[in-house]
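Colleague: Have a look at this one before I ask anything.
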Amino acid sequence: MGVISVQLVVTMVMASVIQKIIPHYSFARWLLCSGSLRWYQHPTEDELRTLAGKQQKGGKSKKDRKYNGHLENKPMTIPKDIDLQLETKCIAEVDTLALHYFPEFQWLVDFTVAATVVYLITELYFCVAEPSGEMNISVVWSLLVLAFVMKILFSLTAHYFRLEEGGERSLCITFAFFFFVKAMAILIVTENYLEFGLETGFANFSESAVQFLENQGLESQGPISKLTFKLILALLCALIGAFLTFPGLRLAQMHLDALTLNNCKVTQTLLHINFLAPLIMVLLWVKPITKDYITNPTFGKDNVPLMSEKTYDTLRLWVILLLCVLRLAMMRHHLQAYLNLAQKGVLQMKKEAGRISTVDLQKMVARVFYYLCVIALQYIAPLVMLLHTTLLLKTLGGHSWVIYSDESLPCLSNEDSSPAEVGQSQMEASQTVAQLSVALGGLRTVFSPLLFRGLLSFFTWWIAACLFSTSLFGLFYHQYLMAA
């Protein structure tokens, strides 16, 4: 019980932290209110009157019209080329109360931080204590994080479907079909080019499932066919692609604006690396381009591999984590580039002829700030998906964080051999408990690290591929189509 209680204590402490401390010391609130982000305030009607050269008059205006006893005020309009300078202000905590989706943003970020801390403590515990036959509770936390991310992305995508115009709805459906076809094409590529391990994992899953059912006295040819398995994966890929359509398109626009906003060469280089980060992740699983040149080089006389396959798998995990940290560090530049759209819209308005109502002008400026958390969610949700999918890949896939150690066995290997021993040791105490332990041990052999390694490698690669595809399309759209 002492071994099991360590993870339970960590979970209970973190749950208490989420409930008691995080509402007062929120990392999500710090990201927005640390003083590094400035938003543009919309002008008041009196300021617009003064700039337009109109004096505020008391009483009824001559332009007021009376219909059926009701007084109708015609909205005031001002010239579009008015000399308007927007005032900026640092985002304060009180300003976040008016932001749309701020509770969702705060919950996702703070819960992700808590889940990541639990994961780090649990990994340290497993490396030091090396418990056998114990479930890693950080897996549950990571799965909850992914569930919250999918819920929020679904909510944001559903918002586009509720719009009356319908352009966003058509774009989302189009990309969903595109990603479905793309996923079907990717799933037929042999593992000589894309080494996810799906084929090996599915074969191991089918054989173990048949053997498990036979041990239970049931006859079966397998739980699922390979075609059905890949069709389900393709449908999930289409759903993920639809959810990541608008985050990728928005990232492209913020990337272009952030490059214009920052003149520092180092910052611009980091912005370029951040934009190309999904492509780097995608190439890490393309065997002829990366892995073959490192683990089986063809140049030189000796053909000595630079590293083993296990070391390469570990290095791949570290590269993804570093790119996720870079994306989080570049978040402030992207959000500030988005907030500058208010000033950009006013400058564009000044180039146009005609008049605009004061209400429309105020809405145009205020809308940018009020939807800041929507943009922040579109930026950070894919990052959280990549991060915790990678963490699950390490834990459930049986990888290691140690690059130089090729002989160390992952903790999951010890777990696979322990359930039967635990069940046998308790057979004298309770026959029912023994049978349950054997059944759970059989399920662990069915859902083996090979299966999780293939699935999670594929989904990690797919999330990165969707992000790069949509952001590349957004870059082409904003750079060329909008300019034309």
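Numbers run from 1 along the shown chain.
In case you wondered, yes, glycine gets a Cβ from its N, Cα and C as well.
Note that this is a predicted model, so its numbers are computed, not measured.
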Colleague: Do you know which of 108-128, 318-338 Swiss-Prot annotates as transmembrane segment?
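Modeller: That would be 108-128, per the transmembrane segment entry in Swiss-Prot.
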Colleague: Which stretch, 108-128, 137-157, 229-249, 266-286, tops the Cβ pairs under 8 Å count with the transmembrane segment (170-190)?
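Modeller: Ranked by Cβ pairs under 8 Å, first place goes to 229-249.
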Colleague: Please check if the transmembrane segment (137-157) comes into contact with the transmembrane segment (368-388), where contact means 3 or more CB pairs closer than 8 Å and the residues in each pair are separated by 6 or more positions.
Modeller: yes
Colleague: Tally Cβ pairs under 8 Å between the transmembrane segment (368-388) and each listed stretch (108-128, 229-249, 266-286, 456-476), then give the stretch with the top tally.
Modeller: 108-128
Colleague: State the residues, same chain only, that lie 6 or more residues beyond the ends of the transmembrane segment (229-249) and have a CB under 8 A from a CB inside it; answer 'none' if no residue qualifies.
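Modeller: Residues 150, 153-154, 156-157, 160, 168, 171-173, 175-180, 182-184, 187, 202, 378-379, 381-382, 458-459, 462-463, 466-471, 473-474, 477 contact the transmembrane segment (229-249) from elsewhere in the chain.
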Colleague: Tell me, how many other CB atoms lie within 10 A of the CB of Asn204 (N-linked glycosylation site), whichever protein chain they belong to?
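Modeller: Taking every protein chain into account, the count is 20.
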Colleague: Check the DSSP secondary structure of Asn204 (N-linked glycosylation site), expressed as helix, strand or coil.
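Modeller: In three-state terms, Asn204 (N-linked glycosylation site) counts as helix.
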Colleague: To the nearest whole angstrom, what is the C-alpha distance linking Asn136 (N-linked glycosylation site) and Asn204 (N-linked glycosylation site)?
Modeller: 22
Colleague: What is the number of other Cβ atoms found within 10 Å of the Cβ of Asn136 (N-linked glycosylation site)?
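Modeller: Asn136 (N-linked glycosylation site): 21 neighbouring Cβ atoms within 10 Å.
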